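Colleague: Take this structure, written in structure tokens, and hold onto it; I'll ask about it next.
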Amino acid sequence: MRKLMLLIFFFLLLPVSGYGAAEKQQVLLQGRTMGTTWHITVVTSGDTDALKQKIDRRLTEINRSMSTYDKTSEISRFNRLKNTGEKFSVTEDFLQVMTVAKTLHGLTDGAWDGTIGPLINLWGFGSRQVERHLPAAEEIRALMPHVGFGHIEIFQDGYLVKKDSQIYLDLASVAKGYGVDQVARVIAESGIGDYLVEIGGEIYASGRRPDGKPWRIGINKPTPDAGFTEVYKVAALEDRGFATSGDYRNFFEAGGRRYSHVLNPGTGYAVSNGVVSASVMADTCAFADGLATALMVMGHEKGLALVSRLEKVEALMIVEGPDGTLKEYYSENFKDILED
């Protein structure tokens, strides 16, 4: 599943003169990972070449663990495993992502489920080369018995066990957020306190911009005809993770209806509850990443009811009415971070 590019650099790449630019500069680093791009802005007076190399190495490690597009990756080897009950040793990265995944699955009553990989592939949104299409009902029914996070046991001493040989994991809606968090850790360990990390639209912001103000995050207008630079809302972010999920970029149309990549694990079908965008702010980007996807499935009423019970989590959900109008629904304190 894929998240939507947040429009950050329109707001970030501002002159830093007048804020000690001779000592500290706002430096942009960028590259590619996990099938998408990454952009990092750091405020530093030091050389960033070594930091860039550390970031690239860390992202390569995570991609080798989490990519379903890499047949040699850790997750791909797990997906090929057919022996139920067999212990499958995992790296710390895989274990950490699975731990977040299990938490999200429980909190959302299964609205987030990383075992919907076969359904994602069936619809044509996954790593297998399948044309996007509306599957037959019997095709979906055939896969549903093999969907469910309960089919996997997670052991904190470093291994997983399949209970169903056909279980297939796709952790993309947590893995990129985890990558953001890990890159943030690399930067923090280098001694830099003010930075912004973005991978494929998932974000972690630390500290502030050189002018002393919070980092500014632009949220894309959630309509298929909107350009990637069309800003709908602007949020101020400091020391938090931020992620947005939506149905308006990765979709296909059939029979006059739009089918997005966000699938309901309980039905096997693309969500159709009117929610076109869900943005989440949380302590970690991994959690925000997965929860944003779950909120798309849950709908705005159940979704925001859940958010209200979570500490230090805020959300914005945008619903499209039958006439195409957009209506916003906020958690209690989300409006506090929005700019007028």
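In case you wondered, yes, glycine gets a Cβ from its N, Cα and C as well.
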Colleague: Of the candidates S127, S165, S173, which one does TrEMBL list alongside D289, T293 as binding Mg(2+)?
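Modeller: My reading of TrEMBL gives S173 as the candidate in that site.
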Colleague: Please work out the number of neighbouring Cβ atoms within 10 Å of the Cβ of S173 (Mg(2+) binding site), leaving out its own Cβ.
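Modeller: That number is 29.
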